[in-house]
Every structure is written in C-alpha cells, then in structure tokens.
Amino acid sequence: MSFESLLFQAVNGFASASGLFLVAAGLSIIFGVTRIVNMAHGSFYMLGLYLAVTLAPRLGEVFGDALGFWGAILGAALITAALGALVEVLLLRRIYAAPELYQLLATFALLLILSDATLALWGPEDILGPRAPGLTGTVELLGRQLPDSDIFLALIGPIVLIVLHIVLTRTRFGRLVRAATQDREMVAALGINEAVLFTAVFALGTGIAGFGGALQMAREPANLALDLSVLGDAFVVVVIGGLGSIRGAYLAALLVAEVKALCTALGIVEVAGFTFNMSRLTLVAEFLVMAVVLVVRPHGLFGRPLPPAARRGDMEAPLAPLGQRGRFLVLAALALFAAVPLFGLVSSYAPVLALDMVIAALFAASLHLLMGPGGLASFGHAAYFGLGAYGTAYAATVLGLPTPLALGVGIITASAGAVLFGWFCVRLEGVYFAMLTLAFAQIVWSIAHQWEEVTGGSNGLFGVWPDAPFDSAGGLYLAALAVTVLGLVLLRRLVFAPLGLALRAARDSRLRAEASGIAVEKVRWLAFAVAGTLCGAAGGLFAFAKGSISPEAISVGRSIDGLVMVLLGGVHSLMGPLLGAGGLTLLQDMVMRESPFWRGLLGLLILALVLAFPSGLAGGLRRVRSTP
Amino acid sequence: MNVSTPVLEISALTKHYGGVRALDGVSFAIAPGELLALIGPNGAGKSTCFNIVNGQLRPDAGEVRLKGRDITGLAPRRIARLGVGRTFQVASVFGSMTVRENVQMALIAARGQVFRLWAPAHRMAREEALALLQQTGMAAQAERPAATLAYGDVKRLELSMALAGDPGLLLMDEPTAGMSGEERQAMIALVRSLTRARDLAVLFTEHAMDVVFGHADRVVVLARGRLIANGSVEEVRNDPAVRAAYLGGVTPAASEAP
C-alpha cells in the first residue's frame with residue numbers, strides 16, 4: 001500500500017462522510033426539537049434517491065442533461081421535504097405525548113409502509129441514475145485520478161454543515177429551533193406556534209435526508225435495502241457524535257467513513273504469517289470506533305445526557321404469582337400444545353403452525369424480559385435470534401454435529417453475542433438503547449450477508465435437518481416445546497427472583513436503585529445476556545424448523561415482529577407476550593403471507609395500534625373496560 | 001457531643017462550575033447519633049455538597065471520609081453499600097412493587113444477594129422488611145402497591161428503605177418537602193427517635209426552619225459556597241453573619257410579605 005492510495009481512500013472517505021452526515025444531521029435536528037427518533041429517516045434518504053433517478057431523465061429531456069440532473073436533485077429534496085411535512089401533520093402530531101416506545105414503533109411502521117410503497121411504485125429491480133454532467137472527469141492528485149464527483153461530494157458535507165450552522169445561529173427559525181432543543185416547554189410557554197415549528201423542522205430534516213439520497217445518484221443505484229442500511233449507519237453516527245449535535249454528526253460521520261476507507265486502503269495485510277483482508281473488516285471497524293467512543297463518552301462526542309424521561313402511561317400493578325385458576329389454565333394450554341402431534345393425523349399443517357407459534361413464544365418472551373421488567377425496548381433482538389440460528393445451522397451442516405449439540409452451539413453463539421453487545425447497550429437507556437440495539441442487529445445482519453465462507457452469503461445455509469428422533473414433524477415439535485417451556489420457566493423464575501426484582505427496581509427508579517446499592521448496569525447486562533441466550537435457542541429451533549437460514553429471516557423485520565408480539569399481548573403481563581406471539585403468528589400465516597405487501601400491512605397494523613391506544617395497549621384496554 | 005471518630009468528615013471540599021465557585025473549602029464532621037442540618041439560602045451550595053457526599057458529583061478538591069475511610073468520588077451504589085442510606089427531595093420508590101417488596105428489595109441489595117436468578121425473592125428478608133415497616137409506622141400498608149400511596153407515606157417508605165442496610169449515616173435531602181405541617185413534625189420526630197435508637201448520624205438539608213430549629217442537634221450554614229456558621233441551634237440563630245446571609249439588606253418585615 002502506498003501513500004497515494006491512502007490519500008485516494010481518504011478523499012473517498014470524505015465523500016462517504018458527506019452522505020452519512022446528511023442523514024445523521026436530519027435525524028439529530030428532528031430529535032432535538034420533537035424528541036422523536038425517526039426510524040423512517042433512512043426511507044426518506046431512499047426516496048430521495050428513487051425520486052432523483054426518476055426525475056433526472058425526464059427533466060433532462062426538457063431542460064438538457066445538466067439542468068435535468070441538478071434539477072432532479074433539488075426536486076427530490078423538495079418532494080421528500082413536502083412528504084415529511086405531510087407525515088408530521090398526519091401522524092407525528094398525534095403521538096408527541098405517547099410513550100417513547102410507541103413513537104419509535106409508529107415511525108418504524110412508517111418505514112415499513114414507505115418500503116412497500118417504493119416496491120409498489122418502482123418495482124424490485126435496482127435503478128441506475130445518470131452520471132453527473134460536468135463532473136465526469138477526474139483530477140490528478142499525486143499520480144492518482146480522483147473522480148470529480150467524489151471531490152464534489154466530499155465538499156457537500158462541510159458546505160451543508162456551514163449552511164446549517166448559519167441558519168441555526170443567524171435566523172429567527174434557527175433561534176427557535178435551538179431554543180426548542182434546549183427547553184421545549186419554555187418555547188411553548190412563550191407563545192411560539194409549536195405546531196408550525198415542528199412541521200418545519202421535520203420537513204427540513206427529511207428534506208436534508210432526501211437531498212443526501214439524491215446526491216448519491218451518480219454513485220450507487222437506487223435499491224430497496226437502502227432504507228435500513230442507511231438507518232443503521234446513521235444511528236451509529238448519531239450515537240458516536242451525540243444525539244442533537246450537528247457538528248458531532250459531521251465529526252462522527254467523518255470518523256466512521258475514514259476508518260472504513262482506511263480498512264479498504266490497507267487491503268490484504270500480512271501479520272505474523274497470517275493474511276487478513278482488511279477491507280472485509282470495515283463493519284468491525286465501525287463497531288470498534290463506536291465502542292471506544294462509548295466507553296470514553298457514554299453520550300457521544302458532543303452529546304449531553306438526556307434528562308430522565310418522565311414516566312408516561314400508568315404504573316403497572318405489582319406482579320403476582322399465578323393463582324389456582326391461572327395454574328389450571330397454564331396446565332390446560334400446555335396439555336393442548338403437547339397434544340398437537342395428535343391433531344397432525346387430521347391436519348398435517350397443525351404441527352407446522354404450532355411449531356412456529358412455540359418458537360415465536362420463546363422469542364417474544366425473551367424480548368419481554370428486557371421490555372417489560374427491564375423497561376428497555378430493544379429494536380435489535382433479531383441479532384441473537386440470528387446468531388442462534390446461524391450457529392446451529394453451521395454446527396449441524398458444516399461441522400455435522402448431532403441435533404442437540406448443534407442447538408447448544410447456536411445457544412452459546414447467541415449468548416456470546418449478547419454478552420458482548422449487551423455490555424455496550426446497557427450503558428444507555430431509552431432511545432439511545434433502541435438505536436444501539438438496532439445498529440448491532442444491522443451489523444449481525446451484514447456479517448451474515450457478507451461472510452460467505454461461513455454464512456453462505458445472501459443464500460444462507462441449507463439442509464439444516466435434525467437427526468432422529470427429531471426428524472419427524474412431531475419429534476421436532478415436541479423437542480421445541482420442551483425447550484420453550486424450559487425457557488419460559490426460567491424466565492418466570494428469574495422475574496420473581498432477586499435479579500428480576502432488581503431489574504424492575506432499576507426501571508421504576510434508577511436513582512433509588514443506585515442509592516440502595518444495586519449495580520444497575522450489571523443487573524441489566526445479566527438480563528440482556530439471559531434474554532439473548534434464550535432468543536438464540538428460539539433461533540436455533542427456527543433453523544431446524546425451516547431447514548435453512550438466510551439473512552432475510554434475521555432482518556430488522558424480525559426484531560419488529562417481536563416488539564409487536566409483546567405489545568399486542570401487553571408489556572405489563574408475563575403471559576401477554578405468549579398470547580401476542582400466538583396471535584401475530586396466526587395473523588401472519590393466514591392474512592399477510594397472501595400479499596407481497598405484507599410488510600406494509602404490518603406497518604398499517606402497528607400504526608392502527610399506536611393511534612388507537614396512544615397510552616399503550618394495556619392502558620387502553622383498561623380505559624375501555626372502565627368506561628362501559 | 002460524642003468525641004469518638006466522626007461518622008462523616010468532609011474537609012476543604014471545593015467545586016467549580018465554570019467561573020462560579022459552588023463550594024469553596026467547606027469542612028465539617030458529624031458524630032454518631034447526631035442530627036445535623038445543612039442550611040443556606042438558594043444557591044449556597046447545599047445540593048452540591050450533598051451530592052458530593054453521596055457520590056453523584058466529584059469534587060475538584062477536598063476529601064470525604066466515612067468512618068475514617070476515604071470515599072471521595074466513589075459511585076453512589078458503592079457508597080450505599082458502605083453503610084450510607086439516603087432519601088431524596090422528591091421521594092422515589094419502586095412504584096410497581098408492593099410496600100413490602102420495596103423494603104425487601106433494599107434488604108436484598110444491602111446483603112449483596114441481587115444476582116440470584118432462581119430463589120423466589122418474596123421469601124427473602126420478609127420478616128426483617130416487616131420489622132422495618134413497623135418502625136416507620138408503615139406496617140399496615142405492607143401489601144399495598146407503592147404507586148397508590150399518599151405522598152407522606154411514600155416518604156416514610158423511602159425512609160424504611162434507606163434504613164435497610166443498617167446504615168451508620170443517613171443523608172436526607174429535604175426530608176419534609178411536600179408535606180403538610182402536621183406530617184412534617186411527625187416525620188422529623190420519627191427521624192429523631194431513629195437516630196437515638198440506632199445511634200444513627202443524619203445529615204439533612206431543609207428549607208423549613210421550624211424543622212431545623214426545633215429538632216437539629218447542630219446546624220451548618222453555607223452561603224455562596226462558603227461555610228459561614230457551624231454550631232448549636234442557639235448559636236446559629238443569633239449569628240449576625242447568618243442573618244445577613246439570609247436577609248441581605250432587606251428588613252425582616254419586608255421579606256415576609258408575599
């Protein structure tokens with residue numbers, strides 16, 4: 001590797017940093033004022049790119065190539081901004097007072113809907129945009145040819161940073177935004193029209209994201225995976241830079257992009273006789289940067305600790321062990337599920353569906369440990385599901401281990417992942433926790449996607465079939481039922497044990513818990529590890545149930561399924577997640593698989609839930625009951 | 001006053017915020033069984049001093065010693081485990097648990113049994129929890145969810161929890177804030193009897209002067225980050241520096257007008 005190639009990659013790093021910064025900056029501004037983390041932010045970036053590649057040729061026909069190209073970028077930014085304003089007025093306005101988790105879910109539902117809308121409008125194929133007119137040449141720098149367009153992109157980031165800075169410090173709008181970021185109540189009390197301010201800020205943020213997407217027209221094709229991959233990157237950037245800080249976002253974007261560029265520049269490196277391909281380590285590098293920053297500054301480079309969010313919604317009732325009637329019902333349900341293989345004689349589909357439900361139950365219950373007693377909404381529980389599934393599949397196919405051992409390997413893999421990622425996640429709370437868990441899940445997904453030798457890349461691993469006696473539908477089902485029941489018993493004991501009590505204590509009042517001598521972070525870390533381990537068991541069973549595992553099955557959609565299951569059943573009840581898991585599995589099986597747009601349908605279902613019960617489903621039901 | 005080693009000894013505590021000296025070389029000590037009030041006008045540095053003692057803030061200079069041991073800059077939970085109980089200005093308890101479970105949780109934490117995953121917590125430290133609730137007059141409400149308690153009872157529950165580790169020192173940030181006059185007197189009388197029964201030292205901040213002058217053994221007065229008085233209730237009451245700090249140039253009659 002030469003100095004020149006390093007420099008070349010450094011310029012490339014600046015170009016990528018601009019793209020990252022534009023998304024992260026919008027996210028930060030919106031959060032600063034509205035206190036909402038916009039999960040759909042990557043979707044606006046993706047829409048910006050789709051709009052630009054569509055507009056450019058059409059405008060080009062009328063106004064000529066150059067005007068068409070730049071006009072398309074501007075047009076795409078304006079249309080995404082207008083769409084953002086529309087979304088704010090129609091959706092966000094209704095949920096500003098809702099609990100954080102519901103705000104995250106609502107914007108995530110928006111992501112699902114926008115994703116399917118894009119699929120419906122533009123189809124599944126990637127779309128290439130035209131090259132930038134006037135920027136097709138190269139500049140010679142130290143003997144290397146640097147594309148003009150990269151240099152242009154490298155400059156855009158700092159330019160937007162400066163423009164934003166001027167807007168925020170010199171204009172009335174900017175002063176209002178900064179005032180609202182510091183003290184929202186005060187701005188409202190001063191008689192500022194908050195509604196207009198919020199709409200404008202959301203439009204500005206989404207417009208910048210759309211602009212960032214449109215600028216990529218000459219660099220990468222428009223594709224449907226962009227929304228989530230950009231969102232994951234933006235979360236990492238925002239966590240590093242500090243939520244709400246614009247310069248933090250730029251610095252963090254630069255840091256991440258340059259470290260990635262450096263890995264690419266280093267290429268294949270030989271250390272002590274081993275050869276590493278550093279360019280494959282870009283994901284790990286991003287992770288390491290974040291790790292170092294979070295250890296030194298838990299709220300990011302320029303972030304400040306958020307004031308503890310006031311508890312919204314009702315305080316839950318004390319958990320009580322099951323009474324006689326409850327025990328009877330549980331035993332009856334268990335007997336029913338154990339008898340499912342008998343129904344198989346009548347309908348061969350019954351055990352298959354029941355297996356899905358049993359696996360979903362373990363998945364949802366493990367997530368509920370964090371969400372319910374822990375009060376920590378994980379948006380990346382799919383990571384541990386995936387680690388369990390891939391660990392099991394690899395052990396069963398490549399290593400040829402017997403079924404129980406293979407499942408054991410999967411569980412250990414998930415457990416190790418949860419211990420590692422959990423150490424970082426439990427340092428944060430609220431939206432930061434949600435973002436970091438999602439970012440880790442994106443990293444696991446990307447590794448599954450890219451590490452072809454082990455994971456089989458986008459095709460995944462095939463032929464993951466259990467050996468006898470688990471090779472019949474009934475055999476595997478009963479084994480899965482046994483594992484799930486074991487896991488559920490463990491979770492239940494844990495919730496009523498000192499650790500579970502401490503977990504609830506830290507959720508109710510972290511201050512009081514610390515003052516009582518409870519090591520809150522350690523308690524949460526252990527709970528995170530337990531949840532990840534049991535989730536890994538669910539993932540391992542899933543691999544055997546389907547006979548294969550692919551990145552598709554462990555995408556963010558899986559994490560969101562878990563959240564919906566827990567919310568459907570009610571966060572405040574230990575049985576809730578089980579009912580929710582059963583309900584959503586049935587619903588997906590019967591209704592949603594029929595449509596290519598089932599993601600969008602799921603999004604609409606989530607939105608309906610959130611808008612109908614903005615104080616939480618459990619609270620909503622209680623309200624319905626109390627007003628006959 | 002007891003002449004044995006002080007329970008708490010703070011020396012030359014200093015803390016700056018930018019150019020402002022929130023705390024400037026403050027030193028005092030508390031003996032076992034002593035009820036010490038820390039008072040001062042708004043912005044005097046009471047909260048800063050309090051938060052350094054309980055570990056939420058790290059001082060720029062100076063030292064905090066607990067029974068002779070240096071605890072400066074330790075995390076709040078470590079200080080708690082060394083036998084320092086505390087209550088907050090806005091009482092804070094575990095709302096989703098019953099009153100009894102709240103105290104059980106505090107006892108389990110004090111005994112270092114938090115990391116048990118299988119044993120049912122409701123059987124642990126049950127009798128001790130009820131005994132503590134008896135002492136604070138909360139036994140009758142043991143099975144109520146803490147979220148449904150009246151505020152005065154939340155404060156009593158918090159006190160029961162603060163006593164769980166059998167601490168030698170109790171830090172109380174405005175123990176009677178938000179309570180009615182009658183409740184205030186009952187609360188401070190309860191704290192007074194506990195200090196006697198357990199040889200417990202209490203450091204408390206307070207705005208209600210009837211509480212301070214009616215019950216404290218000794219009063220420490222801060223103003224603009226400096227210690228301006230440290231003595232008995234009588235001494236402090238008649239100290240001209242204290243009067244000046246509280247009243248400034250305003251006459252008493254004017255300052256009492258609404």
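Backbone N, Cα and C atoms are what each Cβ position is placed from, and that goes for glycine too.
Automatic prediction, not curation, is the source of TrEMBL annotations.
Remember, it's a predicted structure, so these values are computed and weren't measured experimentally.
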Using TrEMBL as the reference, determine which range in A:43-60, A:241-258, A:259-276, A:385-402 is annotated transmembrane segment.
A:43-60
From the ranges A:347-368, A:523-544, grab the one TrEMBL calls transmembrane segment.
A:523-544
Report yes or no: does the transmembrane segment (A:151-168) come within contact of the transmembrane segment (A:405-424), defined as 3 or more CB pairs under 8 Å with a sequence separation of 6 or more?
no
Go through A:6-31, A:431-448, A:523-544 and flag the stretch with the largest number of C-beta pairs under 8 Å relative to the transmembrane segment (A:43-60).
A:6-31
Rank A:6-31, A:104-123, A:189-212, A:431-448, A:523-544 by Cβ pairs under 8 Å to the transmembrane segment (A:66-92) and hand me the top one.
A:189-212
For the transmembrane segment (A:6-31) and the transmembrane segment (A:189-212), check the count of CB pairs under 8 Å (sequence separation 6 or more) and say whether it reaches 3 or more.
yes
Hey, which bits of the same chain come close to the transmembrane segment (A:278-296), Cβ under 8 Å, at least six residues off its ends?
233, 236, 239-240, 252, 255-256, 259-260, 262-264, 266-269, 424, 427-428, 439, 443, 446-447, 450-451
